[in-house]
Amino acid sequence: MSSPGGSPSKKGTSVDMQIFATNGNTIVDEGYDPHLHRNRPHPTTNFETLVHLLKGSLGTGILAMPQAFYNAGYISGVVNTLFIGILCTYCLHVLVQAQYALCKRHHVPILTYPVSMKIALQEGPECLRRFAPYAVVVVDGFMIVYQLGICCVYIVFVATNIKQLVDYYWLELDVKIHCLILLVPLIGINMIRNLKVLAPFSTLANLITFVGIGLILAYILDDVPPISERQAFADLGKFPLFFGTTLFALEAVGVIIALENNMATPKSFGGAFGVLNVGMTVITLLYAGMGFLGYLKYGAESAGSITLNLPQEEIMSQSIRVLFAVAIFISYGLQCYVPVDIIWNVYLVEKYRDSNNKLVYEMLVRIVVVITTFLLAVAIPRLGLFISLFGALCLSALGIAFPAIMEICVFWPVKLSKFTLVKDIILILFGVIGLVAGTYTSVRDIILSFM
């Protein structure tokens with residue numbers, strides 16, 4: 001069973017070892033359909049999967065879209081948000097189809113993202129096979145860094161929104177003090193080991209988020225300035241920040257894989273009007289709309305979260321900050337579950353399996369993960385730049401370059417057309433350029449923000 005982060009479970013690892021023993025020899029059985037052999041205790045319907053997809057994409061990313069549009073301009077922002085949305089959706093299709101082909105070839109119902117990459121590299125072009133032994137660690141590494149990045153963003157988001165309230169009603173404290181105050185509650189929520197316990201809180205967080213977005217739209221649509229006061233195209237040097245933020249907002253590769261794996265009818269996930277296309281269309285249009293309207297309203301003043309642009313003195317705006325602070329705090333436990341699951345269940349659990357202090361060691365891992373995200377948040381409390389950094393650094397690889405590499409390897413050489421090869425090489429180059437340019441620009445601006 002795959003984890004939310006796409007890391008292999010114990011059961012999956014034993015199957016993978018059997019696969020690796022083939023030494024790249026292809027097992028061919030056109031009659032085997034992996035979808036028919038998935039045994040999920042609680043599979044989701046198409047509608048439930050669509051709802052989960054929508055809920056999983058509505059977080060801090062959508063609140064950062066107005067600032068992203070400031071870094072692009074309203075015309076460039078709309079066009080490129082749609083482009084990135086289409087690109088992300090296409091690359092997710094490529095990833096899901098490549099994994100399906102591998103499962104069909106090796107007679108297994110499900111393969112995790114890291115293991116799929118390893119097998120694909122083992123069976124791909126000779127020049128890429130040398131990288132296969134490192135595939136699982138690299139993919140898991142990017143996944144862990146990305147999820148830790150989300151957790152850092154959440155800490156800064158909650159602390160910054162609480163700070164505005166405390167500044168108004170009590171006294172001004174540094175945002176780092178608010179991060180410190182949050183540390184113990186964050187450790188507490190991360191001590192919850194069972195996702196079922198978090199499920200009711202997750203539902204509450206989703207409800208709060210939808211209500212909060214509706215209230216924000218009421219503010220945005222009130223007394224909107226003329227569009228002539230805003231830039232249609234921003235300085236090209238800022239575009240990597242837009243790219244990173246938008247990628248962070250739109251790309252949820254770990255969630256997508258987990259949802260597809262748990263569907264009752266996974267064949268309905270793809271297709272022109274499948275769950276993925278419908279969900280990503282709604283998400284992309286929603287993000288483009290929030291970015292456009294938010295930038296139109298606040299212009300150059302657009303903050304890393306649009307909640308920070310709302311009036312400090314009004315009860316309604318204060319309520320919105322409280323709502324989102326609570327929702328994101330709850331979501332921290334869900335996001336932190338992924339890196340803990342990968343680090344503990346994939347890399348450490350076997351080492352301590354027979355230890356009498358196994359539970360203690362797991363709790364220590366959970367505490368260390370929280371403290372790590374806390375230290376990063378305190379060191380760099382820059383919400384918008386954090387979002388752009390982790391979007392460019394991790395999702396350019398996980399969401400664009402890696403799926404293209406996997407497709408080349410899976411269909412090499414017989415089923416790989418020249419068009420597909422050229423297309424995938426372009427995607428790989430695009431992902432690498434996005435990673436380098438976005439990471440460089442974000443790190444540069446983070447350094448400059450302290451000067």
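The backbone N, Cα and C atoms fix where each Cβ goes, glycine too.
Annotation source TrEMBL lists domain 'Amino acid transporter transmembrane' at 43-442.
The transmembrane segment annotation in TrEMBL covers 74-96 (among others). For the transmembrane segment (74-96), the list of distant contacts is 65, 68, 113, 227, 230-234, 239, 242-243, 246-247, 250-251, 253, 256-257, 260, 269-270, 276-277, 280-281, 283-284, 287-288, 291-292, 295-296, 399-400, 402-404, 406-407, 427, 430: same-chain residues at least six beyond its ends, Cβ to Cβ under 8 Å.
The annotation transmembrane segment is assigned in TrEMBL to 131-157 (among others).
Per TrEMBL, the feature transmembrane segment maps to 169-189 (among others).
Sequence-remote contacts of a segment are chain residues at least 6 beyond its ends whose Cβ falls under 8 Å from one of its Cβ atoms, and for the transmembrane segment (201-221) they are 55, 58-59, 62-63, 290, 293-294, 296-297, 306-307, 310, 316-317, 319-320, 323-324, 326-328, 330-331, 333-334. Taken from TrEMBL, the feature transmembrane segment covers 201-221 (among others).
Taking Cβ pairs closer than 8 Å, the transmembrane segment (241-259) reaches residues 2-6, 44, 49, 52-53, 56-57, 61-62, 64-65, 67-69, 71-72, 76-77, 80-81, 84-85, 88, 92, 95-96, 99, 112-113, 143, 146-147, 234, 269, 275-276, 280, 283-284, 287, 338, 384-385, 387-393, 395-396, 398-399, 434, 437-439, 441-442, 445 in its own chain, all 6 or more past its ends. Look at TrEMBL and you will find 241-259 (among others) tagged as transmembrane segment.
Look at TrEMBL and you will find 271-295 (among others) tagged as transmembrane segment. Here the transmembrane segment (271-295) has Cβ contacts under 8 Å with residues 46, 49-50, 53-54, 57-58, 61-63, 65-70, 74, 77-78, 81-82, 85-86, 88-89, 92-93, 96, 213, 217, 220-221, 224, 230, 246, 249-250, 256, 259-260, 263, 302, 306, 309 of the same chain, all six or more residues outside its ends.
Sequence annotations record features per position, and here TrEMBL assigns transmembrane segment to 315-338 (among others).
Cβ atoms under 8 Å from those of the transmembrane segment (359-380) belong to residues 148, 151-152, 155-156, 159, 176, 179-180, 182-183, 186-187, 190-191, 193, 336, 339-340, 343-344, 348-349, 352, 386, 446 of the same chain, restricted to positions at least 6 beyond its ends. Among the features that TrEMBL reports, transmembrane segment is placed at 359-380 (among others).
Residues 60-61, 64, 68, 87-88, 91-92, 94-95, 97-99, 101-102, 113, 116-117, 120-121, 123-125, 128, 139, 142-143, 145-146, 149-150, 152-153, 156, 240-249, 251, 253-254, 304, 377, 380, 420-421, 423-425, 427-428, 430-432, 434-435, 437-439, 441-443, 446 of the same chain, all 6+ positions outside the transmembrane segment (386-413), place their C-beta atoms under 8 angstroms from a C-beta of that stretch. Annotated transmembrane segment per TrEMBL: 386-413 (among others), in sequence order.
Under the heading transmembrane segment, TrEMBL lists 425-443 (among others). The list of residues near the transmembrane segment (425-443) in space but at least 6 beyond its ends in sequence, with Cβ under 8 angstroms from a Cβ of it, reads 87, 91, 237-238, 240-241, 243-244, 247, 385, 388-389, 391-393, 396-397, 399-405.
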